[in-house]
Amino acid sequence: MSGSNPAVSINKRKVAPVVLAILDGWGYREEIEHNAVRQASTPVIDALWHAYPHTLIEASGADVGLPDEQMGNSEVGHLTIGAGRIIQQELVRISNTVKENKLITNPALNQFSQSLKKGGGTLHIMGLCSDGGVHSHINHLCGLIEWAASKGLKSVSLHLFTDGRDTSAKSANKYINTIEAKIKSTGVGEISSLCGRYWAMDRDNRWERTSKAYELLTDPRFALSKLSAAESINKSYQEGITDEFIEPVRLSSSFLKDGDGVVFFNFRPDRARQLVKALKLKDFDGFERKNRADIDVLTFTQYESGLPVSVAFPPEPLNDLLGQVISDHGLNQYRTAETEKYPHVTYFLNGGIEKPLKGEVRHLVPSPRVATYDLQPEMSADELTDSCIKAIDSGIYSLVVINFANPDMVGHSGIMTAAIKANEKVDSCVGKLLNSIGKLGGSLLITADHGNSEMMIGPDGQPWTAHTTNPVPVILIEGEKRKLSGYGNDIKLRQSGGGLADLAPTLLHLLNLPKPKAMTGKTLIEPINLPKKPNLIPQPAY
């Protein structure tokens, strides 16, 4: 599937492109043990690392606007790359609000509670119950329970999605204990259902998964379990089912009915959209909805423009983004990824802008229809590479951005052999890309948005399925037609202090475009020490 843009300008002379290849989840860790990056056979990237300018940059914590020691993720990573500056992320923004007890003054939440009390409906709070900090945080859920208590809401049902992907695979009981303690201390709420995120938080249009979560929430005939939340989780473990895949289970008689209200506390949109659309959209064709309730929905952040929901923390607009600079200078750009990472190279890289910019073409390659990607670690990398090469060969794009999902999506499986195969496939694809770029004299900048597959076993000896706080590599292969004036063959990359926010300024430097003042990141290309001469033409400050 490809997106077209009639505003793309066609130039008879082929353009030497600058290509940004994002190897999603390809972090750097020196140790070889349990490291699917180091253990993979990657002759292309190994050779480029040794032969061309390279460095390591930070992709987690404060360097991407997250709390210290908080692992990075694809949304935050691409947002930071595209913005060229460090942005306070939603995790920090909402955490500060909860910490300062300011949920009680949030206008959207207060209007929501007033409407709910007036109608006498039940408040249903749902979302990912963990401290992973990628899609949600348990502190936000605790804050919501306290908010509900402060507003005098008596009928409160919690529908909790178990993690096991951004956390340890069998850690759900720890979070359930925290929530049960909060329920006891406030006297508000009950855990009404449990469901693994595999079912409730799909983002790949696997509607058969979303429908199972939907039925759990809406079907009055859904079987009521006699087990407690903890007992249900332990039963799943006994059956070999970890947190991510826990089957939907109803723990109380509460389900969504007309006049009820839902607060969805995930702050990251991509894995919350499908379920919200199923719950709220009138025109919906993902699956047949047998039990549609007339409910109000409030989401913590804007999951998608145009959704008929209230938003507690609306987006803060960003300007002077990488894509906008390219577009404003009349240049064409191409963005491509497979399904799992398509929103990241488009929506997130553009700072939350839904529609393509002038001169921007987007191309989606479908991800394979498998239960988990360790079953097909190559994913759709070959098809993705072939489509990107066609775009490069067309000679009409100044900037090309491609995301390889394999290291991250297969890394999440925790299966070492599969992650190694995934990384080897990406390495071979980078080689094909480089050959195509070289024919036009273009430049290639290789990096990652966060770490993952470089650590497959955690400190507890269990499979590590989450992201990491490790740095990520950057390699610059400068093309003959993209040589920066004055550097010759002596171009070097900054060896310390770099982060994802420095990538947009670096790309603009390679494209010989000015960096906007709003971009506080700095080019990773080291300045050259030219002898002082009179009347030199001032150069842009990157």
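The backbone N, Cα and C atoms fix where each Cβ goes, and this holds for glycine too.
If you look up Swiss-Prot, you'll see SER74 marked as active site, phosphoserine intermediate. The Mn(2+) 2 binding site feature in Swiss-Prot is assigned to ASP24, SER74, ASP449, HIS450. Among the features that Swiss-Prot reports, substrate binding site is placed at HIS135, ARG165, ASP166, ARG197, ARG203, ARG268, PRO269, ASP270, ARG271, LYS341, with the record citing sequence analysis. Feature annotation from Swiss-Prot assigns Mn(2+) 1 binding site to ASP408, HIS412, HIS467; the stated evidence is sequence analysis.
The most densely surrounded of the binding-site residues HIS135, ARG203, ARG271, HIS412, HIS467 is HIS467 (count of other Cβ atoms within 10 A of its Cβ). When the Cα of ASP24 (Mn(2+) 2 binding site) is compared against those of the binding-site residues HIS135, ASP166, ARG271, ASP408, HIS467, the shortest separation belongs to ASP408. Recorded residues HIS135 (substrate binding site) and HIS467 (Mn(2+) 1 binding site) have their alpha carbons 12 Å apart, per Cα-Cα distance.
Comparing Cα positions, ASP449 (Mn(2+) 2 binding site) lies closest to ASP166 out of the binding-site residues ASP166, PRO269, ARG271.
For the pair PRO269 (substrate binding site) and ASP408 (Mn(2+) 1 binding site), the C-alpha distance works out to 18 angstrom. Checking Cα-Cα distances from SER74 (active site, phosphoserine intermediate) against the binding-site residues (ASP166, ARG203, ASP408, HIS450) with a 10 Å cut-off leaves ASP408, HIS450, in sequence order. Between the C-alpha atoms of ARG203 (substrate binding site) and ASP408 (Mn(2+) 1 binding site), the distance comes to 15 Å. It is 13 Å from the Cα atom of HIS450 (Mn(2+) 2 binding site) to that of ASP166 (substrate binding site). ASP408 (Mn(2+) 1 binding site) falls within a helical segment according to DSSP.
Using a 10 Å Cβ-Cβ cutoff, PRO269 (substrate binding site) registers 24 neighbours.
Annotation for ASP166 (substrate binding site): spatial neighbours MET71, ASN73, SER130, GLY132, GLY133, VAL134, HIS135, THR465, ALA466, HIS467, criterion Cβ-Cβ under 8 Å with sequence separation of six or more.
Summary: among the binding-site residues (ASP24, ASP408, ASP449), the fewest other C-beta atoms within 10 A of the C-beta are counted at ASP24. Note: the CA-CA distance between ARG271 (substrate binding site) and HIS412 (Mn(2+) 1 binding site) rounds to 15 Å. Among the residues HIS135, ARG165, ASP166, ARG197, ARG203, ARG268, PRO269, ASP270, ARG271, LYS341 said to bind substrate, no two Cα atoms are farther apart than 18 Å.
Look at the residue listed as 'active site, phosphoserine intermediate': DSSP puts it in a helix. The Cβ neighbour count for SER74 (active site, phosphoserine intermediate), using a 10 Å radius over every protein chain in view, is 28.
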